[in-house]
Amino acid sequence: MPQALSTDILIVGGGIAGLWLNARLRRAGYATVLVESASLGGGQSVKSQGIIHGGAKYALHGALTGASEAIADMPRRWRACLGSDGELDLRGVRLLSEAHYLWSPGGLAGSLTSFFASKAVRSRVEQAKGEDLPPALRDKGFKGKAYRLTEIVFDVPDLIRRLAELAGDSLLAGERIEPLREGRELAGLCVDGREIRAQRVVLSAGAGNEALLRELGLEQPAMQRRPLHMVMVKAATLKPLYAHCLGAGPKPRITVTTHPTRDGQSVWYLGGDIAETDGVARDEAAQIAEARRELAKLLPWIDLGQAQWATLRVDRAEPAQSNLLRPDNAFLAEQGRLLVGWPTKLALAPDFADRVCARLEEDGIRPSEHAALPQLPRPPLAEPAWEVAFA
(Lines of atoms letter the chains of each structure in order from A; the text may use other names.)
(Lines give C-alpha, C1' and ligand atoms only; values in the text may rest on other atoms or scores of the structure.)
Protein backbone atom coordinates (compact mmCIF):
# COMPACT_ATOMS: atom_id res chain seq x y z
CA MET A 1 0.00 0.00 0.00
CA PRO A 2 1.42 3.46 -0.91
CA GLN A 3 2.76 5.59 1.93
CA ALA A 4 0.12 7.86 3.51
CA LEU A 5 0.83 11.59 3.26
CA SER A 6 -0.04 14.65 5.30
CA THR A 7 -0.03 18.22 3.98
CA ASP A 8 -1.61 21.63 4.53
CA ILE A 9 -3.37 22.06 1.21
CA LEU A 10 -4.24 19.28 -1.24
CA ILE A 11 -4.94 20.59 -4.76
CA VAL A 12 -6.61 18.53 -7.49
CA GLY A 13 -6.01 19.74 -11.04
CA GLY A 14 -2.69 20.59 -12.66
CA GLY A 15 -3.72 23.26 -15.13
CA ILE A 16 -2.38 26.79 -14.85
CA ALA A 17 -4.89 27.72 -12.11
CA GLY A 18 -3.87 24.81 -9.89
CA LEU A 19 -0.15 25.20 -10.61
CA TRP A 20 -0.28 28.95 -9.96
CA LEU A 21 -2.13 28.41 -6.67
CA ASN A 22 0.34 25.69 -5.69
CA ALA A 23 3.30 28.00 -6.31
CA ARG A 24 1.67 30.87 -4.37
CA LEU A 25 0.92 28.63 -1.39
CA ARG A 26 4.42 27.14 -1.34
CA ARG A 27 5.90 30.63 -1.44
CA ALA A 28 3.73 31.54 1.56
CA GLY A 29 5.14 28.57 3.50
CA TYR A 30 2.32 26.05 3.12
CA ALA A 31 3.00 22.37 2.52
CA THR A 32 1.12 21.27 -0.60
CA VAL A 33 0.42 18.26 -2.78
CA LEU A 34 -1.03 18.75 -6.26
CA VAL A 35 -2.70 15.76 -7.93
CA GLU A 36 -3.08 15.55 -11.72
CA SER A 37 -4.82 12.62 -13.42
CA ALA A 38 -3.40 13.10 -16.94
CA SER A 39 -0.84 15.72 -18.01
CA LEU A 40 0.03 19.12 -16.54
CA GLY A 41 -1.90 21.78 -18.45
CA GLY A 42 -3.50 19.14 -20.66
CA GLY A 43 -7.13 20.22 -20.18
CA GLN A 44 -7.93 23.79 -21.14
CA SER A 45 -4.57 25.41 -20.31
CA VAL A 46 -2.40 24.13 -23.14
CA LYS A 47 -5.24 24.91 -25.59
CA SER A 48 -5.25 28.56 -24.54
CA GLN A 49 -3.97 31.26 -26.90
CA GLY A 50 -1.84 32.65 -24.06
CA ILE A 51 -3.25 36.20 -24.12
CA ILE A 52 -3.26 37.94 -20.73
CA HIS A 53 -6.36 40.03 -21.35
CA GLY A 54 -6.72 43.44 -19.80
CA GLY A 55 -10.38 43.64 -20.79
CA ALA A 56 -10.25 45.83 -23.91
CA LYS A 57 -12.00 43.21 -26.05
CA TYR A 58 -14.91 43.07 -23.59
CA ALA A 59 -15.41 46.83 -23.95
CA LEU A 60 -15.52 46.82 -27.75
CA HIS A 61 -19.07 48.10 -28.09
CA GLY A 62 -19.69 50.56 -25.29
CA ALA A 63 -18.80 51.20 -21.68
CA LEU A 64 -16.34 49.12 -19.72
CA THR A 65 -18.19 46.15 -18.29
CA GLY A 66 -17.78 44.21 -15.07
CA ALA A 67 -15.64 41.75 -17.02
CA SER A 68 -13.25 44.38 -18.33
CA GLU A 69 -12.85 46.10 -14.95
CA ALA A 70 -12.26 42.83 -13.06
CA ILE A 71 -9.51 41.81 -15.44
CA ALA A 72 -7.92 45.25 -15.96
CA ASP A 73 -5.02 44.74 -13.53
CA MET A 74 -4.05 41.27 -14.77
CA PRO A 75 -1.47 42.26 -17.44
CA ARG A 76 0.43 44.33 -14.83
CA ARG A 77 0.45 41.46 -12.33
CA TRP A 78 1.61 38.88 -14.86
CA ARG A 79 4.25 41.23 -16.26
CA ALA A 80 5.61 41.86 -12.75
CA CYS A 81 6.24 38.09 -12.45
CA LEU A 82 8.64 38.31 -15.41
CA GLY A 83 10.79 40.64 -13.30
CA SER A 84 11.97 40.38 -9.72
CA ASP A 85 8.97 41.92 -7.95
CA GLY A 86 6.07 39.64 -8.95
CA GLU A 87 4.07 37.29 -6.74
CA LEU A 88 5.75 34.35 -8.55
CA ASP A 89 9.15 34.08 -10.24
CA LEU A 90 8.45 33.59 -13.94
CA ARG A 91 11.77 35.04 -15.08
CA GLY A 92 12.92 33.26 -18.21
CA VAL A 93 9.44 32.21 -19.34
CA ARG A 94 9.07 32.92 -23.04
CA LEU A 95 6.80 35.74 -24.13
CA LEU A 96 5.44 35.28 -27.63
CA SER A 97 4.56 38.96 -27.87
CA GLU A 98 5.06 42.06 -25.71
CA ALA A 99 1.65 43.28 -26.89
CA HIS A 100 -1.63 42.09 -28.31
CA TYR A 101 -3.30 44.20 -30.99
CA LEU A 102 -6.76 45.12 -32.17
CA TRP A 103 -7.23 45.73 -35.88
CA SER A 104 -10.13 46.73 -38.06
CA PRO A 105 -10.52 46.07 -41.76
CA GLY A 106 -11.01 49.26 -43.82
CA GLY A 107 -14.77 49.71 -43.40
CA LEU A 108 -14.86 49.56 -39.60
CA ALA A 109 -11.96 51.89 -38.85
CA GLY A 110 -14.23 54.81 -37.96
CA SER A 111 -16.02 53.00 -35.14
CA LEU A 112 -12.69 51.81 -33.78
CA THR A 113 -11.33 55.37 -33.71
CA SER A 114 -14.28 56.69 -31.72
CA PHE A 115 -14.13 53.74 -29.33
CA PHE A 116 -10.45 54.34 -28.57
CA ALA A 117 -11.01 58.07 -28.16
CA SER A 118 -13.11 57.33 -25.07
CA LYS A 119 -11.38 58.31 -21.84
CA ALA A 120 -11.91 54.92 -20.20
CA VAL A 121 -9.90 53.12 -22.86
CA ARG A 122 -7.24 55.67 -23.81
CA SER A 123 -4.70 54.65 -21.16
CA ARG A 124 -4.68 51.03 -22.34
CA VAL A 125 -4.03 51.45 -26.05
CA GLU A 126 -2.04 53.32 -28.67
CA GLN A 127 -2.39 53.39 -32.43
CA ALA A 128 0.23 51.41 -34.38
CA LYS A 129 1.46 52.53 -37.81
CA GLY A 130 4.21 51.63 -40.26
CA GLU A 131 7.01 49.60 -38.68
CA ASP A 132 5.07 49.45 -35.40
CA LEU A 133 2.37 47.33 -37.03
CA PRO A 134 2.45 43.56 -36.45
CA PRO A 135 4.55 41.97 -39.25
CA ALA A 136 1.49 40.28 -40.80
CA LEU A 137 -0.22 43.68 -41.28
CA ARG A 138 2.80 45.45 -42.82
CA ASP A 139 1.53 45.28 -46.38
CA LYS A 140 0.36 47.94 -48.82
CA GLY A 141 -2.90 46.00 -49.04
CA PHE A 142 -3.69 46.75 -45.37
CA LYS A 143 -6.22 49.62 -45.35
CA GLY A 144 -7.50 49.35 -41.79
CA LYS A 145 -6.27 50.63 -38.45
CA ALA A 146 -4.45 48.79 -35.69
CA TYR A 147 -4.06 49.55 -32.00
CA ARG A 148 -1.53 48.14 -29.57
CA LEU A 149 -3.09 46.89 -26.31
CA THR A 150 -1.28 46.67 -22.96
CA GLU A 151 -1.72 42.88 -23.01
CA ILE A 152 1.07 40.31 -23.23
CA VAL A 153 1.03 36.88 -24.85
CA PHE A 154 2.74 33.95 -23.10
CA ASP A 155 4.14 30.79 -24.61
CA VAL A 156 1.73 28.60 -22.63
CA PRO A 157 3.74 25.33 -22.80
CA ASP A 158 6.78 27.22 -21.43
CA LEU A 159 4.64 28.81 -18.70
CA ILE A 160 3.36 25.36 -17.66
CA ARG A 161 6.96 24.08 -17.60
CA ARG A 162 8.04 26.90 -15.25
CA LEU A 163 5.03 26.51 -12.93
CA ALA A 164 5.79 22.77 -12.73
CA GLU A 165 9.38 23.67 -11.74
CA LEU A 166 8.06 25.93 -8.97
CA ALA A 167 6.04 22.95 -7.69
CA GLY A 168 9.23 21.19 -6.59
CA ASP A 169 8.45 17.73 -5.21
CA SER A 170 4.73 18.45 -4.61
CA LEU A 171 3.30 16.97 -7.84
CA LEU A 172 1.56 13.59 -7.84
CA ALA A 173 0.21 11.64 -10.81
CA GLY A 174 -3.03 10.02 -9.66
CA GLU A 175 -6.04 8.67 -11.54
CA ARG A 176 -8.46 7.28 -8.96
CA ILE A 177 -9.59 9.89 -6.45
CA GLU A 178 -11.97 9.11 -3.58
CA PRO A 179 -12.98 11.01 -0.45
CA LEU A 180 -11.12 10.30 2.79
CA ARG A 181 -13.49 10.92 5.69
CA GLU A 182 -13.25 10.97 9.45
CA GLY A 183 -16.80 10.58 10.67
CA ARG A 184 -18.80 12.81 8.33
CA GLU A 185 -15.95 15.27 7.83
CA LEU A 186 -13.76 15.33 4.74
CA ALA A 187 -10.21 14.76 6.02
CA GLY A 188 -8.48 14.55 2.65
CA LEU A 189 -8.50 12.29 -0.38
CA CYS A 190 -7.50 8.75 -1.23
CA VAL A 191 -5.48 8.87 -4.47
CA ASP A 192 -4.86 5.49 -6.16
CA GLY A 193 -5.14 3.90 -2.71
CA ARG A 194 -2.80 6.44 -1.04
CA GLU A 195 -4.34 8.37 1.88
CA ILE A 196 -3.55 12.09 1.84
CA ARG A 197 -4.74 14.14 4.81
CA ALA A 198 -4.94 17.92 4.50
CA GLN A 199 -6.28 20.98 6.31
CA ARG A 200 -8.07 21.98 3.10
CA VAL A 201 -8.78 20.30 -0.26
CA VAL A 202 -9.00 22.55 -3.35
CA LEU A 203 -10.61 21.35 -6.58
CA SER A 204 -9.22 23.33 -9.52
CA ALA A 205 -9.60 20.68 -12.20
CA GLY A 206 -11.61 22.69 -14.74
CA ALA A 207 -14.11 20.39 -16.46
CA GLY A 208 -12.90 17.62 -14.13
CA ASN A 209 -14.47 19.36 -11.14
CA GLU A 210 -17.90 18.03 -12.17
CA ALA A 211 -16.95 14.34 -11.83
CA LEU A 212 -14.88 15.05 -8.70
CA LEU A 213 -17.84 16.72 -6.99
CA ARG A 214 -20.02 13.74 -7.93
CA GLU A 215 -17.41 11.39 -6.41
CA LEU A 216 -17.64 13.45 -3.21
CA GLY A 217 -21.45 13.19 -3.23
CA LEU A 218 -21.99 16.88 -4.06
CA GLU A 219 -24.13 18.56 -6.71
CA GLN A 220 -23.06 22.14 -6.02
CA PRO A 221 -21.50 24.29 -7.29
CA ALA A 222 -22.97 23.47 -10.70
CA MET A 223 -20.75 23.76 -13.77
CA GLN A 224 -21.37 24.93 -17.33
CA ARG A 225 -19.43 24.24 -20.50
CA ARG A 226 -19.10 26.85 -23.26
CA PRO A 227 -17.61 25.06 -26.27
CA LEU A 228 -15.21 26.45 -28.87
CA HIS A 229 -14.10 25.09 -32.25
CA MET A 230 -10.60 26.54 -32.76
CA VAL A 231 -8.64 26.45 -36.03
CA MET A 232 -4.90 25.85 -36.54
CA VAL A 233 -3.02 26.85 -39.71
CA LYS A 234 0.59 25.77 -40.24
CA ALA A 235 2.77 27.22 -43.01
CA ALA A 236 6.29 28.50 -43.60
CA THR A 237 4.81 31.73 -45.06
CA LEU A 238 3.05 32.91 -41.89
CA LYS A 239 4.16 36.18 -40.31
CA PRO A 240 3.77 36.98 -36.60
CA LEU A 241 0.32 38.24 -35.64
CA TYR A 242 -1.20 38.57 -32.18
CA ALA A 243 -4.47 40.41 -32.66
CA HIS A 244 -8.24 40.61 -32.42
CA CYS A 245 -9.95 41.59 -35.67
CA LEU A 246 -12.92 43.84 -35.02
CA GLY A 247 -16.26 42.61 -36.35
CA ALA A 248 -19.76 44.03 -36.29
CA GLY A 249 -20.74 42.11 -33.14
CA PRO A 250 -19.59 42.37 -29.51
CA LYS A 251 -16.91 39.66 -29.90
CA PRO A 252 -13.79 39.89 -32.05
CA ARG A 253 -14.48 38.55 -35.55
CA ILE A 254 -11.31 36.49 -35.32
CA THR A 255 -8.46 36.33 -32.78
CA VAL A 256 -5.07 35.25 -34.12
CA THR A 257 -2.02 34.15 -32.14
CA THR A 258 1.22 32.79 -33.62
CA HIS A 259 3.07 29.82 -32.13
CA PRO A 260 6.48 28.38 -33.03
CA THR A 261 6.63 24.66 -33.85
CA ARG A 262 9.50 22.26 -33.22
CA ASP A 263 10.31 22.00 -36.92
CA GLY A 264 10.93 25.75 -37.21
CA GLN A 265 7.63 26.73 -38.80
CA SER A 266 4.73 28.66 -37.27
CA VAL A 267 1.10 27.98 -36.49
CA TRP A 268 -1.65 30.56 -36.49
CA TYR A 269 -4.17 29.62 -33.81
CA LEU A 270 -7.59 31.12 -34.55
CA GLY A 271 -10.29 31.90 -32.01
CA GLY A 272 -12.82 34.69 -31.58
CA ASP A 273 -16.29 34.67 -33.10
CA ILE A 274 -15.32 32.09 -35.74
CA ALA A 275 -14.82 29.55 -32.92
CA GLU A 276 -18.04 30.36 -31.06
CA THR A 277 -21.63 29.14 -31.65
CA ASP A 278 -21.65 28.95 -35.47
CA GLY A 279 -18.17 27.43 -35.50
CA VAL A 280 -19.13 24.84 -32.89
CA ALA A 281 -22.02 23.75 -35.14
CA ARG A 282 -19.70 23.19 -38.13
CA ASP A 283 -17.79 19.97 -38.73
CA GLU A 284 -14.02 20.15 -39.21
CA ALA A 285 -14.15 20.54 -43.01
CA ALA A 286 -16.74 23.32 -42.88
CA GLN A 287 -14.87 25.13 -40.10
CA ILE A 288 -11.61 25.01 -42.08
CA ALA A 289 -13.43 26.28 -45.18
CA GLU A 290 -14.84 29.20 -43.18
CA ALA A 291 -11.38 30.03 -41.76
CA ARG A 292 -9.89 29.97 -45.27
CA ARG A 293 -12.58 32.41 -46.46
CA GLU A 294 -12.07 34.75 -43.50
CA LEU A 295 -8.28 34.87 -43.85
CA ALA A 296 -8.55 35.37 -47.62
CA LYS A 297 -10.82 38.37 -46.97
CA LEU A 298 -8.85 39.85 -44.07
CA LEU A 299 -5.23 39.03 -45.00
CA PRO A 300 -5.23 38.28 -48.76
CA TRP A 301 -1.51 39.08 -49.08
CA ILE A 302 -0.53 36.10 -46.87
CA ASP A 303 0.13 33.03 -49.05
CA LEU A 304 -1.72 30.04 -47.58
CA GLY A 305 -1.45 27.86 -50.69
CA GLN A 306 0.74 25.24 -49.00
CA ALA A 307 -0.78 25.57 -45.51
CA GLN A 308 -1.83 22.62 -43.36
CA TRP A 309 -5.13 22.97 -41.50
CA ALA A 310 -6.65 21.35 -38.41
CA THR A 311 -9.32 22.17 -35.84
CA LEU A 312 -9.54 21.67 -32.11
CA ARG A 313 -12.64 21.51 -29.92
CA VAL A 314 -12.28 22.99 -26.45
CA ASP A 315 -14.79 23.18 -23.60
CA ARG A 316 -14.48 26.23 -21.36
CA ALA A 317 -15.51 24.93 -17.94
CA GLU A 318 -17.03 27.54 -15.63
CA PRO A 319 -19.45 27.92 -12.72
CA ALA A 320 -22.99 27.75 -14.09
CA GLN A 321 -24.47 31.16 -15.03
CA SER A 322 -27.94 32.12 -16.17
CA ASN A 323 -28.19 31.99 -19.98
CA LEU A 324 -24.71 30.44 -20.29
CA LEU A 325 -23.14 33.88 -20.00
CA ARG A 326 -19.43 34.36 -19.38
CA PRO A 327 -18.55 34.84 -15.68
CA ASP A 328 -16.76 38.12 -14.90
CA ASN A 329 -14.34 36.88 -12.23
CA ALA A 330 -12.64 33.82 -10.88
CA PHE A 331 -15.06 31.76 -8.79
CA LEU A 332 -14.59 29.97 -5.46
CA ALA A 333 -17.09 28.11 -3.26
CA GLU A 334 -16.47 26.56 0.17
CA GLN A 335 -18.09 23.51 1.77
CA GLY A 336 -16.42 22.60 5.05
CA ARG A 337 -12.81 21.66 4.29
CA LEU A 338 -13.46 21.64 0.54
CA LEU A 339 -12.84 24.61 -1.76
CA VAL A 340 -14.04 24.38 -5.37
CA GLY A 341 -13.31 26.89 -8.08
CA TRP A 342 -12.70 27.90 -11.67
CA PRO A 343 -10.52 30.82 -12.78
CA THR A 344 -12.89 31.21 -15.80
CA LYS A 345 -10.00 32.65 -17.85
CA LEU A 346 -6.24 32.09 -18.08
CA ALA A 347 -5.53 35.73 -17.14
CA LEU A 348 -7.53 35.35 -13.90
CA ALA A 349 -5.37 32.55 -12.41
CA PRO A 350 -3.86 35.08 -9.93
CA ASP A 351 -7.39 36.20 -8.96
CA PHE A 352 -8.34 32.58 -8.28
CA ALA A 353 -5.25 32.18 -6.05
CA ASP A 354 -6.14 35.45 -4.24
CA ARG A 355 -9.56 34.06 -3.42
CA VAL A 356 -8.18 30.78 -2.04
CA CYS A 357 -5.53 32.60 0.04
CA ALA A 358 -8.15 35.01 1.42
CA ARG A 359 -10.39 32.08 2.41
CA LEU A 360 -7.50 30.31 4.17
CA GLU A 361 -6.77 33.54 6.05
CA GLU A 362 -10.42 33.94 7.07
CA ASP A 363 -10.57 30.32 8.25
CA GLY A 364 -7.32 30.62 10.23
CA ILE A 365 -5.51 27.97 8.17
CA ARG A 366 -1.77 28.44 8.75
CA PRO A 367 1.29 26.55 7.51
CA SER A 368 2.16 23.65 9.83
CA GLU A 369 4.95 21.07 10.16
CA HIS A 370 4.82 17.99 7.94
CA ALA A 371 7.23 15.20 7.12
CA ALA A 372 9.16 15.63 3.87
CA LEU A 373 7.39 14.10 0.89
CA PRO A 374 8.76 10.87 -0.54
CA GLN A 375 9.56 10.69 -4.25
CA LEU A 376 6.14 10.68 -5.93
CA PRO A 377 5.12 9.60 -9.45
CA ARG A 378 5.14 12.86 -11.39
CA PRO A 379 2.61 13.77 -14.11
CA PRO A 380 4.09 14.64 -17.53
CA LEU A 381 3.84 18.04 -19.22
CA ALA A 382 1.09 18.36 -21.84
CA GLU A 383 2.03 18.39 -25.52
CA PRO A 384 1.07 21.57 -27.44
CA ALA A 385 -2.09 20.98 -29.50
CA TRP A 386 -0.38 21.89 -32.80
CA GLU A 387 2.43 19.38 -32.25
CA VAL A 388 -0.21 16.67 -31.84
CA ALA A 389 -2.37 17.86 -34.76
CA PHE A 390 0.49 18.21 -37.24
CA ALA A 391 2.65 15.29 -36.06
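Heads up, residue numbers simply count up from 1 along the chain you see.
Glycine is no exception: its Cβ is also placed from the backbone N, Cα and C atoms.
Other Cβ atoms within 10 Å of the Cβ of Ile51 (FAD binding site), summed over all protein chains shown, number 26. Following the DSSP three-state reduction, the secondary structure of Ile51 (FAD binding site) is strand. Under the heading FAD binding site, Swiss-Prot lists Ala17, Glu36, Gln44, Ser45, Gln49, Gly50, Ile51, Leu346, Ala347.
Cβ neighbour count for Ala17 (FAD binding site) (all protein chains, 10 Å cutoff from its Cβ): 31.
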